[in-house]
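Everything on this sheet refers to the single structure shown next.
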Amino acid sequence: MTDTTVESDATPRRGALRLQTIGPVLALIALIILGASLNSNFLGYANVTNVLARSAFIGIIAIGMTFVITGGGIDLSVGSMAAFVAGVMIMTMNALIPVLGIGVPLVAAGMAVALLTGLAAGLLNGVLIAKVGIEAFIVTLGAMGVYRSLTTWLADGGTLSLNFDARSFYRPVYYDGLLGVPWPIIVFAVVAIVGEIAMRKTAYGRHCAALGANEQVARYSAVRVDAVRMSTYVLLGGLVGLATIMYVPRLGSASGSTGTLWELEAIAAVIIGGTVLKGGFGRVWGTVIGVLILSLIDNILNLASIVSPYLNGTIQGVIVILAVVLQRQGKSAD
Amino acid sequence: MTAILEARGVTRSFGPIEVLHGVDFSLVPGEIHALIGENGAGKSTMMKILGGYLAPTTGALMLDGKQVSFADQRAAEAAGILMIHQEFNLALQLTVEENLFLGREKRRGPFLDGRAMREEARTLLARLDCHVDPRRRIQDLSVPNRQMVEIARALGRQARVLIMDEPTAVLTGRETDVLLEQIERLKAQGTAILYTSHKLDEIARIADRVTVLRDGTHITTRPAEGFTEHAMAEAMVGRELSDLFPAKAKPGADVVLEVEGLTVPGYVRDASFTLRRGEVLGFAGLVGAGRTELMEGIVGLRPAQGTVRVNGTPLKPGSVRAAREAGLVYLTEDRKDKGLLLGKALTENLTLLALDTFGGVFIDPQAEDQALDQAIEEFDIRVKDRKLLAGSLSGGNQQKLLMAKTMLAKPQIVIIDEPTRGIDIGTKQQIYEFIAALAAQGKSVIVVSSELPEVIGLSSRVCVMGRGHIAAELSGAEITEDAILRRAMGVSETTGEPA
């Protein structure tokens, strides 16, 4: 091995990395400028809070997904898990109304159930993947089908609706906020900041990256690989619960089609943000940018009538592929 | 005889850095020409240029006396020049014959001609005296057999020039013998062979000519006859070499590690031994004797039954972390796949094992930087840029980084598996000094090595393993190559019969 060969190649590569890092930010800025020039309401308070609040669900999940992917895993079940959690939450709340009445205790109980259901679902994924040793893709693909079908079954093929009075009481959790900032945005921001710090500044984040980069090396370096791997899925499950808590008051119902394709949007946001799909490197703030890019595209298409909003998926898909091409180009330098 | 392949005044630069400075090198049919030098001397670059993987920046490549330039490695292959990499270029999930014909499958009409390919695969392997069923998958083969497949693949492509990058680095003595015989046979058939190895005794044994590179400069090309190993080593290092092994420290009296009746299912049965403070204990044996598995069992990387006591306290089984906390660490033989995160920076690698000592909730980046400074200083890790990725370091520097990483955990007992695999002689000497220094500081070291001189030169006591158990324990004057080999192969001293 001639060290000099590779050493000198490292320089252009890092230059390319920098472009990769900044690429999504530039894309986001370009989208904002585009949006603002197409529609004068784009940067208005109503539109901005609307976009951000809607991004919050996917965003909170995508931050958990960042840890899973960084650790070398994947979770395809989050969308149907969200539907299932929402269904369980609504049914529990409806069932508890005679006991707790309409009020804070009812909502608190609903939230606790949502969080616990999410954590339990994540734990189940984590145990099957880390302890039993089944591939993450398979486990979560299976779980995706299971939760989707369970939700449909719970709803008996229709829709599970939260009791009307409970819904009215719970609504403010989505629509109100602090100093004009809706709660979902605040929660999203807090989760993002904590996630970013955890990823970059703590041993946990370092261990996730080490695990994703090379599980053997992590194991030989006294990292508890099974525990770390499992924890990423539990964390993601918990965040799915949290996202659902924000989501249920928006519509007050859940059905078999709730959260459809959320898993793909979350994974797409993570990848756009610069996290490496096969693990080893994760960037939480990049994921936030990725989520914003995806929701802005949707928003702009809805506001401006140049391109049909039906093409939303097409544009998002192209962007995901472009993001990966960008990542690849950074690598081909060596 | 005229050269098949010749490099004239070849230089190669990467960006602003020139790593080869006007090197001449030639290969004549039916000769083994050894290329030797320390890690980073430019051997790999030279080989890659000859093999068509890299183009020379200036200078010329001559093939059969005519100037050529290879567009890529496929063009070189078409001209009969094949390079066998240290890391094999084989698809693990495919069978031997599928690998042999990968990219040049024989067809009958639109379909693969399986019978013809199997026939030819058999012939090729038979030429190498390698009796592997062509239908077996590469992943089920031993390393030396994979090596043979790799060579057979080169033969199948009518190689006139074979470039071999440290083919014996992962082989045991016996396997090396077999390989060298095959190489001699290829030579007799007229193949020109470029051979590299850090094992100078091999070079002395098979090479016809030897070229020494140092820091990208051509130092000398001489007939191997009369070029002693010592003279080769000095030409590589560029200075006089004193004793390779430092003086052995005297071990203390108290036992720090007791292993009792340790069984690693499938690999090791009922191994017991002790280690004293300040002792260097060698573990010798053939590849496959279970040395690595025993060590991995001790530190909790593999499921094992039996007891391990550190300073008298039983160790929690199955937990690398518990072992580390008890002051017992294991330095893997496989630094590329198990030791270092090649795609990560130096600091992240350095601090991974002892990460919890760097700050509380948050990692302290300054402390990490200081640790890297210290490691670079203490272990003489030669890096041009601290932000480099671990994978871009030479083998020797990677090994030093791995040692630094392990030592950050402040262990009392260090198990080092193959401390100098694939490392040049200058760095080897440094690593030997580190090991001796550890023992002198009162730490205890276990050295697992397939290189007998290393085990003998470092250890005050040697455990010899054979077929999954500790066959003998030798100390003092009993430690000789002969005694170790005999024990390792299960031959008893008095009768010469298998024990």
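Placed from the backbone N, Cα and C atoms, the Cβ positions cover glycine too.
If you look up TrEMBL, you'll see A:21-39 (among others) marked as transmembrane segment. Listed as Cβ neighbours of the transmembrane segment (A:21-39) (distance under 8 Å, sequence separation of 6 or more from its ends, same chain) are residues 272-274, 283, 286, 289-290, 292-293, 296-297, 299-300, 303-304, 306, 319, 323, 326.
Residues or ranges marked as transmembrane segment by TrEMBL: A:51-69 (among others).
The transmembrane segment annotation in TrEMBL covers A:81-100 (among others).
Per TrEMBL, transmembrane segment is recorded for A:106-129 (among others).
Feature annotation from TrEMBL assigns transmembrane segment to A:136-155 (among others).
Note on the transmembrane segment (A:175-197): residues 45, 49, 52-53, 55-57, 59-60, 63-64, 66-67, 239, 242, 246, 249-250, 284-285, 287-288 of its chain, located 6 or more positions outside it, place their CB under 8 angstroms from a CB of the stretch. Per TrEMBL, the feature transmembrane segment maps to A:175-197 (among others).
Annotated transmembrane segment per TrEMBL: A:230-248 (among others), in sequence order. Distant neighbours of the transmembrane segment (A:230-248): 56-58, 60-61, 63-65, 67-68, 70-71, 73, 75, 78, 81-82, 85-86, 89-90, 110-111, 114-123, 125-127, 129-131, 162, 170, 173-174, 183-184, 187, 191, 204, 208, 254, 259; these residues of the same chain sit at least 6 beyond its ends, with a Cβ under 8 Å from one of its Cβ atoms.
Annotation source TrEMBL lists transmembrane segment at A:284-301 (among others).
Residues or ranges marked as transmembrane segment in TrEMBL: A:307-326 (among others). Beyond its flanks by at least six residues, the transmembrane segment (A:307-326) meets 19-20, 23-24, 27, 265, 268, 271-272, 274, 277, 290, 293-294, 297-298, 301 of its own chain at Cβ-Cβ distances under 8 Å.
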Under 8 angstroms, Cβ to Cβ: which one of A:51-69, A:81-100, A:136-155, A:284-301 has the largest number of such pairs with the transmembrane segment (A:106-129)?
A:81-100
